[in-house]
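Below: one structure, written as structure tokens.
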Amino acid sequence: MSAPRTLYDKIFDDHVVDRQDDGTCLLYIDRHLVHEVTSPQAFEGLRLSGRKVRHPEKTLAVVDHNVSTSPERKFGIKNEESRIQVEALAKNAKDFGVEYYSENDIRQGIVHIIGPEQGFTLPGMTIVCGDSHTSTHGAFGALAHGIGTSEVEHVLATQTLIQRKAKNMLVRVDGQLPEGVTAKDIILAIIGEIGTAGGTGYVIEYAGEAIRSLSMEGRMTICNMSIEGGARAGLIAADETTFAYVKDKPRAPKGAAWDAALAYWKTLQSDEGAHFDKVIVLDAAKLPPIVSWGSSPEDVVSVQGVVPNPEEITDENKRTSKIRALDYMGLTPGTKITDIALDRVFIGSCTNGRIEDLRAAAKVIEGKTVNPRVNAMIVPGSGLVKEQAEAEGLDKIFLAAGFDWREPGCSMCLAMNDDRLKPHERCASTSNRNFEGRQGFKGRTHLVSPAMAAAAAIAGHFVDIRDWK
């Protein structure tokens, strides 16, 4: 009888093509997502060596990082470097026979949103992309992680990837979430608990009642930020919620193929007694709405808390780092989070740009008006999300309140397009990173949930969504 295995063990082992004595493995890759930023050199490498894309049908390309989200984007991209990257992806996809979603395609959007929408992402698969937030797809019980440009070329050419097996970590969130606390708060709390290096060398499996109770979109938010906790990937075992989400997607198996896939997917659970190298347990009932205060995703505190005092940190290097973060953020220890005034609000990204995120924001916003000193924008994660939101009338709620309603793309998550902060502007953002300069030179980012961001836009400062009327 074989030893009990974790979900990660099972998926990894099922995809090993070759294993060396030193533990290095060659893994078969089921799905490869490609965008304009990390792929040009990879395609050029194929071209120079006379190679083809080995499995174009397992590859899907989309523009997301550099595209404008302005309604005027049909007139083209102003920035020359960004325009060249977008044009290069269109040409490379055509030359190598890869399916491509341009900015004029209703299916276009952020790569980690369009994969699940199309059923390109399925349980039990190995999925890679030249993007760190590929871990998002782990919400489906898939082994998904980012790769570098040289690895992008390797996967395009061979449909395989050289890997070493990571260690197993279990993060269990027990109990039920309180009203007003979301998947975004869960993952920020986890990162606050383990730190941004806590998951280094691990693949995290998320489990527990609070995780199981989440929708697929909530689960994607959790897995999306696994990388911010230092992990290689994040996984949530597939269940009936997963199967219901996947079933009618365009690329999902049909008929007998669906039945066979379902039978296999149901085996992809961690066995009882499977060994985890590290276990973290959180009590969902004790989690508050969370706001980041510094320049690292681990710098988090309850919305009812205060900006911490770095002088109380005993580790000298960490203390110095947090003092720098406070200086960058323009904050003073002891300041109430609810006293922090805002200039900008961004609702979108591969973390929180899906239809449920927009519904949550609309529920808070309806009948209200954006604070006069706040510039607020909502960016749907894909053309299909935008279409659905408009069918539900959410755009009218946003526009009536004074929000900008944009075209799909990565937008203000990162300063690679026209949507960015000016120096010292302070932003409540539903994205995943609050690094220095992430949203623009000297821009100041606070990570929050969509409902918290929406309420902050109306109030002009952070408020506890649990008290929102």
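The backbone N, Cα and C atoms fix where each Cβ goes, glycine too.
Per Swiss-Prot, [4Fe-4S] cluster binding site is recorded for Cys350, Cys410, Cys413, and the stated evidence type is sequence analysis. Counting every protein chain shown, the Cβ of Cys350 ([4Fe-4S] cluster binding site) has 27 other Cβ atoms within 10 Å.
According to DSSP, Cys410 ([4Fe-4S] cluster binding site) is assigned to coil rather than to any helix or strand. For Cys413 ([4Fe-4S] cluster binding site), applying a Cβ distance below 8 Å and a minimum sequence separation of six or more within one chain yields Phe346, Gly348, Ser349, Cys350, Thr351, Ser429, Ser431, Asn432, Arg433, Arg438, Gln439. The [4Fe-4S] cluster site is set by Cys350, Cys410, Cys413; from the centre of their CB atoms, other residues of the chain with a CB within 8 Å are Asp64, His65, Ile110, His133, Gly348, Ser349, Thr351, Gly353, Gly381, Gly409, Ser411, Leu414, Ser431, Asn432. If you draw a 10 Å sphere around the CB of Cys410 ([4Fe-4S] cluster binding site), it holds 30 other CB atoms from the protein chains shown.
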